[in-house]
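According to TrEMBL, the feature domain 'TECR-like N-terminal' maps to 60-136. Annotated transmembrane segment per TrEMBL: 146-164, 211-230, 314-332, in sequence order. Taken from TrEMBL, the feature domain '3-oxo-5-alpha-steroid 4-dehydrogenase C-terminal' applies to 207-358.
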Amino acid sequence: MFKRHKSLASERKREIFSRGATRSILKNDLRNFHCLSHFVLSAGPLKSIPVVKHSKTTHFEIEVLDAQTRKQICIVDKVIQTSTIHDVKQKFHKACPKWYPSRVGLQLERGGPFLKDYITIQSIATSSIVTLYFTDLGQQVFLAEYTGPLLIYLLFYLRIPYIYDMKESSRRLRHPVVHVACFCHCIHYIRYLLETLFVHKVSAGHTPLKNLIKGCAFYWGFTSWIAYYINHPQYTPPSFGNRQVTISAINFLICEAGNHFINVILSHPNHTGVNACFPSPNYNPFTWMFFLVSCPNYTYEIGSWISFTVMTQTLPVGIFTLLMSIQMSLWAQKKHKIYLKKFNSYMHRKSAMIPFIL
């Protein structure tokens with residue numbers, strides 16, 4: 001009996017101990033769950049992981065054709081949808097460095113309107129290959145600038161009605177210098193037009209609309225003023241007569257010829273672009289000016305207008321020559337500094353425009 005009572009007592013102790021242990025475990029579990037739930041709530045709502053979308057970019061191929069000849073100039077590839085006409089012009093300039101973006105005019109059709117720089121390729125593309133027509137806007141600017149003075153001077157030379165008094169024009173005979181001046185003026189601008197079409201390489205920085213307005217206002221305005229004075233019925237001939245006119249006209253033609261030959265040399269591929277070399281004189285005597293100055297084309301240009309001033313002996317021509325001399329001296333000095341950096345060994349003892357002076 002005593003042993004059985006003792007065994008029952010020990011079983012009750014074990015049962016009580018196991019119940020206590022279970023309660024303590026439950027209490028610990030509740031504490032842990034409470035801490036975990038508190039930590040999760042304090043962390044805030046769960047953020048969804050963004051899904052990465054792999055979009056396929058479409059590339060276009062731009063075929064650039066000459067608007068006049070329809071010949072292919074180049075192909076601009078790897079052009080994305082969001083690219084604009086301005087971006088195409090930049091890539092076109094990299095492929096053809098002689099045409100700067102400000103000179104490039106692009107059209108969807110020949111004779112159509114020029115595309116604005118902000119237009120996207122996606123808005124005009126009908127397939128992966130886009131054909132655009134190229135027009136050199138820089139050339140158009142200079143053609144407009146030089147065609148105007150040629151025609152304006154001829155209108156004053158013909159003494160059309162409503163400019164001069166017809167009775168006075170019919171009574172007074174023209175001095176030979178009037179005819180010589182018209183001939184020289186026409187030769188000057190005809191040379192400009194031909195060189196613009198076949199010789200000149202227009203430099204950078206020419207914004208078509210801005211330069212067109214500024215250039216036309218300057219050249220057309222001064223031509224009207226000059227032509228009005230020289231072709232006026234009361235025009236007074238030069239002080240030294242025909243000798244002054246003849247010497248000045250000969251010197252004018254020499255400077256015009258020199259200017260032309262210098263421009264032909266400067267247009268050579270060896271003297272343009274990034275890897276250009278400094279022009280060197282050749283067998284042509286007009287090119288020997290390169291021994292003395294770095295910009296002989298400006299030297300000959302100023303020589304032509306000084307000769308024209310002496311030949312006509314008029315104030316408007318003198319003012320025009322002065323302004324042209326100031327502008328060309330600034331251009332010559334700027335180019336001279338560039339030449340000094342690139343061709344220092346060739347520029348020894350050379351002036352920019354006027355030998356030994358400037």
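Numbers here mean position along the shown chain, with the first residue as 1.
Glycine is no exception: its Cβ is also placed from the backbone N, Cα and C atoms.
Just so you know, TrEMBL annotations never went through curation; they're auto-generated.
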Q.
For the transmembrane segment (211-230), give me same-chain residues lying six or more residues beyond its boundaries with a C-beta closer than 8 angstroms to one of its C-beta atoms, as numbers and ranges.
A. 140-142, 144-146, 148-149, 152-153, 155-157, 163, 177-178, 181-182, 185, 312, 314-317, 319-320
**Q.** Same-chain residues at least 6 beyond the ends of the transmembrane segment (314-332) whose Cβ lies under 8 Å from its Cβ atoms
**A.** 222, 225-226, 228-230, 235, 293-295, 298, 301-302, 305-306, 308, 352-353, 358
Q | Across the domain '3-oxo-5-alpha-steroid 4-dehydrogenase C-terminal' (207-358), average pLDDT on the 0 to 100 scale | A | 84
Q: May I have the DSSP-based helix, strand and coil counts for the residues of the domain 'TECR-like N-terminal' (60-136)?
A: 18 helix, 30 strand, 29 coil
